[in-house]
Ligand SMILES: Nc1nc2c(ncn2[C@@H]2O[C@H](COP(=O)(O)OP(=O)(O)OP(=O)(O)O)[C@@H](O)[C@H]2O)c(=O)[nH]1
């Protein structure tokens, strides 16, 4: 998948931090052993851990639809959209956590003695590989590294405990520890990787919340554009009426995506704008209404009142709305994102997360921490400022990119 290389490039800071840390841990206390150059590591690890890579090569490009959050196709008339509604998604998603390819299969093979031919000819194809015994010291260093990568203490402890299980006392190379870590991370994240569910109800109302600067406006613009390209009719409400700049920015995104943006004078009541937007979306037969909101956390009581007023008002038009409340989080804030989730869960009925700015941050581990701690669906991740820099969250790609596992 083309997105993997982009993600990997852009997660460079996170992966290089983890990668360098893992290299240092193995070097520290490891010793060189001879390993046959080409063969063993590839073969046994292929079935599970190289799986995404396998799919990466053969199929033709299909990037556009990749980045669209599960658009309902449109074969027949009205009904087919139901197939992406939450319950179905939820039932289909219980992806059984991938059984980690046991390291035991990998380790002994890569320590193979020189082959018969090599011994006969005196030419060895073996290459030295540094390996280190997985002991308490190494586990402690791993914990520290994961905590430093913003994975949070609890998650770091859990992940290292899983790594140790069945492997304690075994000798591991950097490649092996990276693969094991990637598998463990993907396992934590698998249950929360869910695209934004689409419901048969129209307009589907998506309330977008988050602190100022987290990337709400940009995310709304990207979502609007992607849904529009998938044939959906979208309306945007610029509900942060306190910031003229936010409204202008949303208008730019709306123009770019060809989606109408409803605005109101600066300082006016966001709930009244939301009501008007709901009316327009219903009149226009829109599929989706995306509502931007203010993100001022300085006065939580005000913000809470503002958000609940928006909800009260749109429920006059549709008592099941909002159908999704997306919390947009900025990855560069690291562990602070944990507090933001806790706060916004009190302010609004958060139904899913979008993590932005995963490009260029060394704090990518925060997403693992959030998945482990809250179990809220992660619908999408942002890896840049362009319209197509929002992609559905893929745990295996993310884990591989984060740990620096080579996928070819
Ligand atoms: N590198 C990068 N920048 C992003 C991403 N998402 C958003 N941004 C940038 O982050 C900045 C803030 O994004 P906004 O979308 O304005 O954030 P907001 O939450 O709407 O902020 P307010 O309008 O202040 O409430 C902008 O400069 C965006 O271009 C991303 O995934 N990667």
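The backbone N, Cα and C atoms fix where each Cβ goes, and this holds for glycine too.
Pulled from TrEMBL, these are the features on record:
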- 14-109: region 'Disordered' (REGION)
- 38-57: compositional bias 'Low complexity' (COMPBIAS)
- 203-404: domain 'SRP54-type proteins GTP-binding' (DOMAIN)
- 210-217, 292-296, 356-359: GTP binding site (BINDING)
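What TrEMBL annotates, mapped onto the structure for a quick look.
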residue : record           : DSSP (3 states)
210     : GTP binding site : coil
216     : GTP binding site : helix
293     : GTP binding site : coil
358     : GTP binding site : coil
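Long-range Cβ proximity for residue 296 (GTP binding site), meaning a same-chain Cβ under 8 A and a gap of 6 or more residues, is found for 212, 242, 302, 303.
With a 10 A radius on its CB, residue 358 (GTP binding site) counts 28 other CB atoms from all the protein chains.
In the predicted model, residues of the domain 'SRP54-type proteins GTP-binding' (203-404) average a pLDDT of 92. Around residue 293 (GTP binding site), the same-chain residues at least 6 positions away in sequence with a Cβ under 8 Å from its Cβ are 207, 208, 209, 216, 239, 240, 270, 306, 307, 310. Of the listed binding-site residues, namely 210, 213, 216, the sparsest CB environment within 10 A is found at 213.
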